[in-house]
Amino acid sequence: MPHRTIHLFRKGLRLHDNPALLAALESSEVVYPVYILDRKFMTSVMHIGALRWHFLLQSLEDLQKNLCRLGSGLLVIQGEYEPVVRDHVQKWNITQVTLDAEMEPFYKEMEANIRCLGGELGFEVLSVVGHSLYDTKRILDLNDGAPPLTYKRFLHILSLLGDPEVPVRNLTAEDFQRCRPPDLDLAECYRVPLPADLKIPPESISPWRGGETEGLQRLEQHLADQGWVANFTKPRTIPNSLLPSTTGLSPYFSMGCVSVRTFFYRLSNIYAQAKHHSLPPVSLQGQLLWREFFYTVASATPNFTKMAGNPICLQISWYEDAERLHKWKTAQTGFPWIDAIMTQLRQEGWIHHLARHAAACFLTRGDLWISWEEGMKVFEELLLDADYSINAGNWMWLSASAFFHQYTRIFCPVRFGKRTDPEGQYIRLLSVVPGKDYPFPMVDHKEASDHNLQLMKHVREEQYRTAQLTRGKRCCTSEESFAGSKVKQCFVFNSIL
């Protein structure tokens with residue numbers, strides 16, 4: 001018998017290349033497209049700030065309009081996930097729940113709870129991979145159950161897998177006509193809330209507007225310049241750009257407004273027509289594969305967003321300094337280029353990847369010696385493209401806690417800014433103008449960076465020595481064995497990438 005289905009949108013806020021929604025429409029007599037707006041989850045687990053709230057609500061509004069054009073509608077239900085699912089499964093006589101398969105531990109737990117509820121109430125659960133290029137489980141299986149910890153090894157595993165699955169077909173009005181739409185009065189009852197309804201602070205000026213429509217327009221604009229696409233190399237982009245010299249698609253990928261598989265195959269078509277094109281890791285496809293790399297490692301690494309209990313992360317005694325952390329976060333470091341970066345981040349929710357590198361290095365191993373976890377939390381709150389895997393992975397990388405072993409390379413917060421913004425235009429546009437009320441530099445960069453280099457060298461030597469001693473023992477406790485293997489893996493990992 002055809003199902004009565006709730007399709008749960010989580011991150012896949014789009015209609016193109018949405019395999020879970022397509023499966024729902026093909027197997028059901030009625031489909032309720034639902035987004036559960038769990039404010040407690042968004043604030044305590046996702047930690048999203050005001051700009052990302054606005055981007056999310058815009059994306060939901062766009063999804064609602066696109067569903068209406070096809071004869072359906074989006075039902076935004078406020079409340080906690082499990083009670084909402086329980087109530088509406090019973091109210092609507094639901095026999096199936098469909099959703100995207102996700103790899104974050106909190107989304108895995110959410111899906112597991114829904115499956116338990118399905119066993120209790122008698123409905124089926126179908127989850128389909130749609131937010132990443134590959135099913136990360138297949139990558140792990142080909143690497144003996146462990147994540148490949150270098151990009152080179154990762155690409156080798158992908159060569160065995162072959163290309164990602166192609167995007168599923170676009171949905172049509174006929175797909176929705178085969179399924180009875182939700183009643184019109186439901187759409188009004190469960191409308192997309194306004195920011196004021198949720199007491200979200202007024203929106204800052206941002207070059208991004210959320211939604212599938214906006215994301216696909218941005219995609220088409222960039223793909224129209226096939227020469228730029230074919231020759232794109234990420235290191236050549238401009239770190240002090242107010243508007244992105246990359247594609248600026250990352251917020252749309254993060255929220256699932258644009259399909260990464262669609263982008264991958266559109267790029268493949270352009271590469272096939274070009275005589276020469278850039279290659280991973282610096283090409284546009286290479287950037288998608290970096291995203292996939294971090295997704296894969298995060299999916300199989302306990303405590304990926306923390307230092308403690310994280311088997312691939314160096315254990316470092318970072319300073320705890322709330323005052324210095326606050327100055328960095330609020331653009332009061334006394335280094336104009338760093339402060340301009342943090343100002344743009346707060347105002348727009350986006351900064352160039354090299355600007356992110358500079359700000360992260362300054363906070364951690366370069367100048368302030370404050371934990372990468374603290375910086376990760378700030379970016380999680382302020383970035384439109386905040387992403388569990390990529391955010392934590394990059395912060396570990398830039399703090400030289402994992403992935404990156406050349407810790408002697410430190411971004412100078414003065415020279416780098418002068419080299420990329422010699423006229424100071426970027427700094428002035430963000431109203432960071434040294435003068436009477438501008439703070440003095442909070443540290444002496446040369447002195448702080450030299451001191452921190454010695455600290456990092458000592459940390460690495462000590463943890464390598466501990467690993468060697470532990471491995472040399474014939475008998476050891478299980479705790480000692482785990483600690484030794486953890487440090488060994490971390491050291492080797494950082495030294496071979």
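Cβ atoms are placed via backbone N, Cα and C, with glycine included.
Please treat TrEMBL annotations as automatic predictions, because they have not gone through curation.
What you are looking at is a predicted structure, and each value in this text was computed from that prediction instead of being measured.
Straight from TrEMBL, the features:
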DOMAIN    3-133  domain 'Photolyase/cryptochrome alpha/beta'
BINDING   246-250, 287-294, 385-387  FAD binding site
SITE      W318  site 'Electron transfer via tryptophanyl radical'
SITE      W372  site 'Electron transfer via tryptophanyl radical'
SITE      W395  site 'Electron transfer via tryptophanyl radical'
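Projection of TrEMBL feature records onto the structure.
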residue	record	Cβ neighbours (10 Å)
T246	FAD binding site	16
G248	FAD binding site	20
S250	FAD binding site	22
L288	FAD binding site	21
W290	FAD binding site	19
F294	FAD binding site	23
W318	site 'Electron transfer via tryptophanyl radical'	19
W372	site 'Electron transfer via tryptophanyl radical'	26
A386	FAD binding site	22
W395	site 'Electron transfer via tryptophanyl radical'	26
Residue from W318, W372, W395 whose C-alpha is spatially nearest that of G248 (FAD binding site), among the recorded sites: W395
Of the recorded sites listed as W318, W372, W395, the one whose CA lies nearest the CA of S250 (FAD binding site): W395
Nearest of the recorded sites (W318, W372, W395) to T246 (FAD binding site) - Cα to Cα: W395
C-alpha spacing of A386 (FAD binding site) relative to W372 (site 'Electron transfer via tryptophanyl radical'), in angstrom: 15
Whole-number Å value for how far W318 (site 'Electron transfer via tryptophanyl radical') lies from L288 (FAD binding site) (Cα to Cα): 32
Integer Å distance between the CA atoms belonging to A386 (FAD binding site) and W318 (site 'Electron transfer via tryptophanyl radical'): 23
Integer average pLDDT (0 to 100) for the domain 'Photolyase/cryptochrome alpha/beta' (3-133): 97
Tally of DSSP helical, extended and coil residues in the domain 'Photolyase/cryptochrome alpha/beta' (3-133): 65 helix, 33 strand, 33 coil
For E292 (FAD binding site), the number of other Cβ atoms found within 10 Å of its own Cβ: 21
Inter-residue Cα distance where the pair is W395 (site 'Electron transfer via tryptophanyl radical') and E292 (FAD binding site), in Å: 16
Euclidean distance between Cα atoms of W395 (site 'Electron transfer via tryptophanyl radical') and A386 (FAD binding site), Å: 12
Nearest-integer angstrom distance between the alpha carbons (Cα) of F294 (FAD binding site) and W395 (site 'Electron transfer via tryptophanyl radical'): 11
W395 (site 'Electron transfer via tryptophanyl radical') and W290 (FAD binding site), Cα-Cα, nearest whole angstrom: 14
